[in-house]
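One structure below.
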Amino acid sequence: MSKPAENLPDFSVERVGSSARVVLRGAWTIAASRALERAAQNLSLAATGAENAEIDFAGVTRLDTAGAWLIDKARQHMAAAGIAAQFAGASPEKAILLKEAAYAPAALDKAPRENALMALLVGLGAWSVGMADQIVRGVAFLGELAFGALKVMVWPKAMRPTSMVFHLDSFALRAVPIIATINFLVGCIVAQQGIFQLARFGASTYAIDMVGVLVLRELGVLLTAIMVAGRSGSAITAELGSMKMREEVDALRVMGISPMEALVLPRMVALVVALPLLTVIGDMAALFGGMVTSYLYNGVSPQVFAERLQQAIGMNTYLVGLIKAPFMALVIGMIAAIEGFRVEGSAESLGRRVTASVVNSIFMVIFLDGLFAIFFASISY
Amino acid sequence: MTEAEPIISVRGLEVGFGARKILKGLDLDVAPGEVLGFVGGSGQGKSVLTRAILGLNAKQAGVIEVFGEDIDKMAPASHRALERRWGVMFQGGALFSSLTVKQNIQAPMREYLKLSQKLMDELAGLKLKLVGLPPDAADKFPSQLSGGMVKRAALARALALDPELLFLDEPTSGLDPIGAADFDDLIATLRKTLGLTVFMVTHDLDSLYSICDTIAALADGKVIAHGPLEAMLASDHPWLRAYFHGKRARAIRSPNEMAPA
Ligand SMILES: Nc1ncnc2c1ncn2[C@@H]1O[C@H](COP(=O)(O)OP(=O)(O)O)[C@@H](O)[C@H]1O
Ligand SMILES: [Mg+2]
C-alpha cells in the first residue's frame with residue numbers, strides 16, 4: 001500500500017532567537033518505513049544550536065507506538081545535547097501514547113568480540129565434549145534399553161504388543177514394495193554388468209555366481225538396511241522428537257511410564273524383526289532380477305539359472321547376509337531413538353536431528369558391514 | 001458507533017468439517033474502534049470463526065468482509081495489504097520455534113517494511129516493554145519461555161506493525177491475574193490511543209467487564225446475543241444466564257448488578 005506523499009512523516013523548524021519550534025506533519029506511523037526512520041533521525045538534529053525547543057503535534061495526522069517512540073527518542077536526544085525540548089499540541093490520546101511508548105535507552109548488551117583462535121579452540125572443545133557426551137548417551141541408552149528388554153522378558157506383561165504390531169506393519173509390510181523394487185533393479189544391474197564384463201573372458205556364465213554371492217552376502221542386506229534407515233529411522237526420530245517437543249515424553253514419565261519401554265522398545269523390536277524379513281524379500285527380489293536379466297541377455301532359462309545358483313552358493317552365503325540384519329536394525333533404531341530424544345524446542349532442531357539420524361545410521365550400517373566382512377573373512381565362513 | 005461501516009462483517013457464514021457443521025449461518029458485525037468480546041462454550045467454534053475470518057478455514061457458504069472488502073473477491077495484492085493492517089494472536093501462541101522472541105517480533109517488519117536492523121531491534125525492545133516482557137526475553141527461544149511469556153511474546157508479534165485490527169484468541173488464558181489485568185490495560189490503552197479495533201475470543205470475565213464494548217455469544221453455530229454487557233446480563237437465554245450469573249461470575253459481578261440477597 002503506497003501512502004500519498006503528503007502523508008509521509010515530515011517537520012519544519014521555526015527559530016526565534018535561541019528557541020526553536022519544530023512543527024511535525026503527516027502520519028508518523030511504522031507504515032512509512034524508511035521515511036519514518038529518516039524523519040526521526042533528522043528530527044533529533046533539527047534544533048541544534050537552540051537552547052529550548054518545542055515539538056508541536058498539531059499537524060500529526062496519525063501516530064503509532066513506533067512513531068511515538070522515535071519522536072520521544074529524538075526529544076531525549078535533544079535533551080542530551082543540552083536543548084530543553086518539550087511536546088506541545090498533543091491530543092490526550094497522543095500524550096498517553098507518548099508516555100506509554102516512552103524511549104528508554106536500551107541497555108545494549110554488546111557481544112564481546114572474540115578472536116579467531118579462541119573461537120576455534122572453543123569450538124574444538126565444545127565438539128569434543130559433544131562427542132564424549134554422545135558416547136555416554138549411547139552407552140546409557142543401551143543400558144536402559146537392555147534393562148527394558150530384560151524387564152519385558154521377565155515380566156511379559158510390560159510388553160506392548162499392539163504398538164509392536166502397529167510398527168511392524170509400518171516398518172515391514174508397508175516397506176515391501178519399495179524394498180522389493182530397488183533390490184530387483186540392483187539384481188538386474190549387477191547381473192547385466194557381470195554378463196558384459198565377464199564375457200570378455202568368456203566367462204559370462206559366472207555372472208550368475210557373482211549375482212548370487214554378491215547379493216546374498218552384501219548387497220541385499222545393505223540396500224535393505226539403508227532403505228530402512230531412510231524410511232523408518234527418520235520416522236522414528238521425527239515421531240520421538242515431536243513428542244519430546246510437545247512434552248508428551250514428559251507426560252509419559254510423570255505417569256510412571258518409561259518412554260524407553262513405551263516408545264523405544266516396541267519400535268526397536270519391530271525393526272529387529274522387520275529388517276531380516278525385508279532382507280529375505282530383498283534377496284529374493286534381487287535374485288529374481290538377476291534371473292530375468294540373464295534370460296534376456298544370455299538366454300539362460302530359469303531352470304539353468306537355479307541349478308547354477310545352487311552350485312554357486314551355500315547356506316552359509318545366505319546366512320552371512322541375514323545374520324547382519326538384526327544388528328543393523330539395532331544400530332538404526334538406537335541412533336534414531338537417541339537423535340529423537342535430543343530434539344529441543346524448535347522445528348529447526350527437529351529437522352537437524354532427523355538428518356543426523358539418517359546420515360549417521362547409514363554410515364554406521366556400512367561401517368558395521370565392513371566389520372562383519374573382516375570378521376567372516378577371519379573365520380573363513 | 002454503529003453508524004460507521006463495520007470493520008468486520010460476516011453474513012450467513014457456514015463452516016463445517018466433513019458432514020459436521022460447526023457454524024450454521026452466522027452473522028456478526030464489528031464496528032471500528034470497538035473491542036468485541038466473543039464468548040461461547042469450549043468447542044463451539046470460536047477459533048473456527050476467527051480462522052474463517054482470517055481466511056485460514058474454508059467456508060461452505062456466506063460472505064466475510066474485512067475493512068469493507070469481500071475477502072473472497074480480493075486480489076492477492078490487496079490481500080497482502082490487508083494482512084499488514086491486522087495482527088493476529090493465535091490461541092497457542094504460534095511463535096516460530098526456530099526464531100528468538102526478538103526475531104519473531106521482527107518477522108512481520110522484515111516482510112513488510114524496510115527498516116535498519118538497529119531500529120528493528122529497538123522497536124522489538126519497545127514491543128517487549130509494552131507487553132511486559134523483560135528485555136532479556138528478547139534472545140530466548142519460544143521453548144525457553146513460560147506459558148504466560150509465550151502469550152505476551154505472541155501479542156508483541158501481533159502488535160509488530162501497529163495494526164488497525166487485532167485478533168486475539170483467548171489472550172489471557174494462562175496468564176496470572178496481575179498479568180491478565182496488565183494485558184487488559186494495554187489493550188485499553190492501545191484502543192484509546194491508536195483507535196484499534198479488537199476481536200477478542202475470551203473466557204476471562206474480567207476482560208469482558210473491563211475492556212469490551214460489546215459482547216457476542218456463540219451457541220449452536222450462531223450468534224445468539226450481541227450487545228453491551230448490560231444486555232448480556234439482562235438476557236434470559238439459559239446459556240447466557242449460566243455464563244454471566246454462574247458461580248464463577250458471582251465474585252466479580254459489579255456490586256450494582258448483585259441481586260439483593
Ligand atoms: N481442523 C479441524 N477438523 C475437524 N474438526 C475441527 C477442526 N478444527 C476444529 N474442529 C472442531 O470444530 C469445533 C470448534 O472448534 P474450536 O473453534 O477450536 O472451538 P473453540 O470454540 O473452543 O475455540 C470443535 O468441535 C472441533 O472439534
Ligand atoms: Mg479456541
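Quick reminder: no glycine exception, Cβ is built from N, Cα and C everywhere.
Per TrEMBL, domain 'MlaB-like STAS' is recorded for A:22-93.
Summarising the annotation, TrEMBL assigns transmembrane segment to A:138-159 (among others).
Annotation comment: TrEMBL describes A:171-195 (among others) as transmembrane segment. Same-chain residues lying 6 or more positions outside the transmembrane segment (A:171-195) and placing a CB less than 8 Å from one of its CB atoms are 204, 206-208, 210-211, 214-215, 219-220, 223-224, 227-228, 231-232, 267, 270-271, 273-274, 277-278, 281-283, 285-294, 297-298.
Residues or ranges marked as transmembrane segment by TrEMBL: A:207-230 (among others). Sequence-distant contacts of the transmembrane segment (A:207-230) (same chain, six or more residues past either end, CB-CB distance under 8 Å): 171, 175, 178-179, 182-183, 186-187, 190-191, 194-195, 198, 271, 274-275, 278-279, 282-283, 286-287, 290, 294, 298, 300, 305, 308-309, 312-313, 317-318, 320-322, 324-325, 328-329, 332, 336, 358, 361-362, 365-366, 369, 373.
Residues 172, 175-176, 179-192, 195, 207-208, 211-212, 215-216, 219-221, 223-225, 227-228, 305-306, 309, 318, 321-322, 325-326, 328-329, 332 of the same chain sit 6 or more residues outside the transmembrane segment (A:275-297) yet have a Cβ under 8 Å from a Cβ within it. Per TrEMBL, the feature transmembrane segment maps to A:275-297 (among others).
The transmembrane segment annotation in TrEMBL covers A:318-338 (among others).
According to TrEMBL, the transmembrane segment annotation covers A:358-379 (among others). If one looks beyond the transmembrane segment (A:358-379) by at least 6 residues along the same chain, the residues whose Cβ comes under 8 Å of a Cβ in the stretch are 218, 221-222, 225-226, 229-230, 233-234, 237, 320, 323-324, 327-328, 331-332, 335-336, 339.
Here the transmembrane segment (A:318-338) has long-range neighbours at 134, 137-138, 141-142, 145, 215-218, 220-221, 224-225, 228-229, 232-234, 236-237, 240, 263-264, 267-268, 271-272, 274-276, 278-280, 283, 357, 360-361, 364-365, 368-369, 372, 376, 381, meaning same-chain residues at least 6 beyond its ends whose C-beta is under 8 angstroms from one of its own. Within the domain 'MlaB-like STAS' (A:22-93), the DSSP-based counts of helix, strand and coil residues read 33 helix, 24 strand, 15 coil.
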